[in-house]
Amino acid sequence: MLQNVTPHNKLPGEGNAGLLGLGPEAAAPGKRIRKPSLLYEGFESPTMASVPALQLTPANPPPPEVSNPKKPGRVTNQLQYLHKVVMKALWKHQFAWPFRQPVDAVKLGLPDYHKIIKQPMDMGTIKRRLENNYYWAASECMQDFNTMFTNCYIYNKPTDDIVLMAQTLEKIFLQKVASMPQEEQELVVTIPKNSHKKGAKLAALQGSITSAHQVPAVSSVSHTALYTPPPEIPTTVLNIPHPSVISSPLLKSLHSAGPPLLAVSAAPPAQPLAKKKGVKRKADTTTPTPTAILAPGSPASPPGGLEPKAARLPPVRRESGRPIKPPRKDLPDSQQQHQSSKKGKLSEQLKHCNGILKELLSKKHAAYAWPFYKPVDASALGLHDYHDIIKHPMDLSTVKRKMENRDYRDAQEFAADVRLMFSNCYKYNPPDHDVVAMARKLQDVFEFRYAKMPDEPLEPGPLPVSTALPPGLAKSSSESSSEESSSESSSEEEEEEDEDEEEEEEESESSDSEEERAHRLAELQEQLRAVHEQLAALSQGPISKPKRKREKKEKKKKRKAEKHRGRAGADEDDKGPRAPRPSQPKKSKKAGGGGSSGAATLGPPGFGPSGGGATKLPKKATKTAPPALPAGYDSEEEEESRPMSYDEKRQLSLDINKLPGEKLGRVVHIIQAREPSLRDSNPEEIEIDFETLKPSTLRELERYVLSCLRKKPRKPYTIKKPVGKTKEELALEKKRELEKRLQDVSGQLNSTKKPPKKASEKTETSSAQQVAVSRLSASSSSSDSSSSSSSSSSSDTSDSDSG
């Protein structure tokens, strides 16, 4: 001690000078004590060092206050936005780390920092102030942010890295603030019920709350919870050295309560909240600093009625006055998917729409989709004119609810609602607004997915043939459709059916009956009536464009019919009454099997009066049948109006892409000629959307593309035209053929001798009748033709003469 005191007594002035000479080292008295300088060993006394050190470079000043019971604070929509959106974005940024805590001038060796910067500020302080409801208005918080950035620019050189980092953060700050609600409104905050179960510090609080009259002090927690005195609601006072109950009339006095209350960082004591009876404590779950709950009913509370801190709210981006569950968007969505399956199946297109909706609500797009999750809360956001401008609000939660309730009949209704939501956004907000950019981004996602909408699968229905066929349709539609699919398959079917007829020859000839005879006669008369109808329709109605393939088939059928007729004539000469029957079914089967038309004219059994069995009538029926098919199916208008399946459209798109450049002009011409809405569009930049094109346009495009690519058509409606015959000639030919058949049918009615035998058992349906008739006649014709091959040519000529 003497060594230390002696130099002090001898050289007080030198001691001071020596300390000044230490420079920056002297700024930290602790350092000097631990590492004394050898040069100034005589002046290193603790008493001398302590006084000048405090004068020259004081230690870091206390950090800015984060709570002040004398200063009222509150929760507003703008402050909540600054806390949940702005602060969250800045805090996570890679350049945020220098700004997360106050500047430590001693540690960083910046002795002049606090001389230049009179009001230090950092993001950690701002964050804690937001959590503690320190601010009364958002402008105060924004002022703190600006102070933080300005301090950085004032103290550092413009070229320093820290300045560039601050500029980056400030730019993000200004972008986020641009999306902040324009009008500030105070929020009523509700507290989650189970919040007291979470958090380490809150566990200590739970043990400390006993009753309204027993309030232990908790020294480890620096926040104060204040309650009103009703006995069922406990009152907790933290950091107060004696248990006490603070009633509402005394709340104002707490502002000047002295040192014990200086550390209070909860919501100011005068913040009333809706009274919750029987709830003993509410604790914060989102921040490490628990706040207290102030019960209502305090007449002395400051105006505006403030709530506990905003950190109590779950992290949501849209402000609302009602309790909000944590926004786990995908889980409820998947659960509702299971529920929706019970309500009825969605169509393929609506399933696709549901998938789009799930994607829009997924976390992948949450960064720019969150403003559209819930309906716009105009009152909370301070948008008083919103509902004056937007007459039909829409949001994704409403779309989702409508989808679950099966309110959408088709994909167009779904798309209309989603687009309405985006158009509302564009209508209300200025074009340079952040939310407009978010809407455009989300709409791009929607439109991209919606463009991949699958076609609804066409329900298998009856072919158009059935519309023009007489009521006694006997041939199964499967036979007719298979025939039309390819000419080769039709000829194979004819051969197979002929074989079947021959196999059943003996069985069919074995038993004749009066009943069968009556059935047969009814069939023939029905055929006759059908022939009359077809003849009248052909002569009166407009000539429909015949299809090439069907005309080719007709020619084939005619030639076969002539052969069969010749064969039948020979049979008549040899076998008498039985010969016509074989020839007729064979013809009906050949013509009907190939064109599925012989069946079309058969009527139900027992339709007409009994009479002579008609031997050649089926032959006539077979001849009359082929025109029946063109009458129903040949109309190009009907064919063109047939909608395309998804696969056909996809194939057409691929084929159009294969076309050479010079052929695309014709494609554009076809589209513009048939689509009035596209006539004015620029041919250079026309955009083809197959969903909007008419079926007739698509069919015309398909024909053109196939002709360009020289592909064999997939469908039977594109068939080569017979060379050298006009439409009129073909129609006249048909007419003559029908007249000839009519004469043959009437001749058969007059000269029927013996009816077929077992057809009654096979006439449950009209198609069964036809099969039976054709098989009976075919079998007998085959057997007879073998014995009368020599006379077939003569019978053929006589047949043609009678025609």
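Placed from the backbone N, Cα and C atoms, the Cβ positions cover glycine too.
Quick look at what Swiss-Prot lists:
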type	residues	note
MOD_RES	T6	phosphothreonine
BINDING	D112, Y155, N156, K157, D160, D161	protein binding site
COMPBIAS	285-298	compositional bias 'Low complexity'
COMPBIAS	316-332	compositional bias 'Basic and acidic residues'
COMPBIAS	481-515	compositional bias 'Acidic residues'
COMPBIAS	545-567	compositional bias 'Basic residues'
MOTIF	556-560	motif 'Nuclear localization signal'
COMPBIAS	623-632	compositional bias 'Low complexity'
DOMAIN	634-716	domain 'NET'
COMPBIAS	641-652	compositional bias 'Basic and acidic residues'
COMPBIAS	777-797	compositional bias 'Low complexity'
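Swiss-Prot feature annotations superimposed on the structure.
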residue	record	CB count, 10 Å
D112	protein binding site	10
Y155	protein binding site	16
N156	protein binding site	14
K157	protein binding site	8
D160	protein binding site	13
D161	protein binding site	10
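Pairwise Cα distances among D112, Y155, N156, K157, D160, D161, which the record gives as the binders of protein, peak at 20 Å. Summarised as a single figure, the pLDDT of the motif 'Nuclear localization signal' (556-560) averages 66. Counting residues of the compositional bias 'Basic and acidic residues' (641-652) by DSSP class, helix then strand then coil, yields 8 helix, 0 strand, 4 coil.
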